[in-house]
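S.K.: Take this structure first; my questions come after.
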Amino acid sequence: MLMQIVFLVIGAVVCIAFSKCSIAFIRRNIWYFYGGVLLFLLILLIPNPLAPVLNGARRWYRFAGFSLQPSEIFKSFFILLLAHIAIKYEKQSWKQKGIMLLAGIPILLLIFKQPDLGTTIVYGITAFVILLFTIKSATWIIGLIIGMLSSVFLFGYVLLKHVDWLEKVGLHPYQFRRIYAWLDPENNPNDAYQVNLSLKSIGSGTLSGNHASGTTMYIPESHTDMVFSTIGNQFGFIGVSLLLCIFMLFLLQIVSAAMQMKRPFSMLVLTGFATMYAFNIFENIAMVIGLMPLTGIPLPFISYGGSSVLGNMIALGIMFAVINEDSLASEI
């Protein structure tokens, strides 16, 4: 708990610092930052004392007793990168889409190889929505949506009929087990154990929760990935409803700000953040109640973890900076 408070304090300072930063400076030097991001992600995949294997993955840098997950920290940069490319090459449609793909795919692949499928999906969904907002032709938009849906159905078909193909492209056995546990929990009780406990925990919270009695249910990762079930257990239906309302207001505020932006770049950046947060919130809650497979995606601002806190605070700071620069530009 003490470490979480420390990260919250550091995060608040980081948020203020990033809210004062120059977005124009970041855009001018975007490719230098891009090289640094790739380097940090690449070093993770190379055996070294700063990047130990934790829980079967190389996702964290560890030093002086602290662990930091670069993929959480770099989410804001990824959105800035795609928005910058989209605006810089908006009059060259094919070049715009090509550079966005060439810049985005290496980041997705490096995160996927850690392995971290959940975060890869968050990056991918965010990129898809930003790309969608750069397309002005209805035909292209429909085609892109059909292409994405076709990819989902193709993945499902391969998963059920030719699972060995997925192993060849890098998916791991535990990831298959999570999907099978989601599709058929009754026949995969061991792999569905965590979700089943989560559902019981939320259900036992009833209307107002168990915080008054002090009783709790044990759930693995109850303070990180499964924190929503802990909230349901302790504060019941009233508590989770209040939390969902807060998240909804937060997302609506970002969307409202995006719609008021004068510059297309600012609108794209805020759209990217709205997408990232919306999917993070949806996926975390959905996996906790069994509507989606377990992915290890944290609940923004709630889950325990320094990287998640810092990543979210950086995102808030960047959003404030973008809104501020947009308002100044509109006054000139």
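Glycine is treated like the rest: Cβ placed from N, Cα and C.
Where the annotation comes from TrEMBL, it is an automatic prediction and has not been curated.
So TrEMBL lists the following for this protein:
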- 6-26: transmembrane segment (TRANSMEM)
- 31-51: transmembrane segment (TRANSMEM)
- 63-87: transmembrane segment (TRANSMEM)
- 94-112: transmembrane segment (TRANSMEM)
- 118-135: transmembrane segment (TRANSMEM)
- 140-160: transmembrane segment (TRANSMEM)
- 235-255: transmembrane segment (TRANSMEM)
- 267-289: transmembrane segment (TRANSMEM)
- 301-323: transmembrane segment (TRANSMEM)
S.K.: Are there residues at least 6 beyond the ends of the transmembrane segment (6-26) whose Cβ is under 8 Å from a Cβ of it, and what are they?
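M.R.: Same-chain contacts beyond the flanks: 33, 80, 305-306, 309-310, 312-314, 316-318, 320-322, 324-325.
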S.K.: Examine the transmembrane segment (63-87) against the transmembrane segment (140-160) and state whether at least 3 Cβ pairs sit under 8 A, considering only residue pairs 6 or more apart.
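M.R.: No, the transmembrane segment (63-87) and the transmembrane segment (140-160) are not in contact.
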S.K.: Please tell me whether the transmembrane segment (267-289) and the transmembrane segment (31-51) touch - that is, whether there are at least 3 C-beta pairs under 8 Å between them, with each pair 6 or more apart in sequence.
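M.R.: Result for the transmembrane segment (267-289) with the transmembrane segment (31-51) is no.
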S.K.: Below 8 angstroms Cβ to Cβ, which residues of this chain, lying six or more residues outside the transmembrane segment (301-323), approach it?
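M.R.: Here the qualifying positions are 3-4, 7-8, 10-12, 14-23, 60, 66-69, 72-73, 75-76, 79-80, 223-225, 227-228, 231, 243, 254, 257, 261, 266, 269-270, 273, 276-277, 284.
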S.K.: Other than its close neighbours in sequence, what residues sit by the transmembrane segment (118-135), given a CB gap under 8 Å and a spacing of at least six beyond its ends?
M.R.: 71-72, 75, 78-79, 82-83, 86, 90, 96-97, 100, 104, 107-108, 111-112, 141, 144-145, 148, 267-268, 271-272, 275-276, 279-280, 283, 295-297
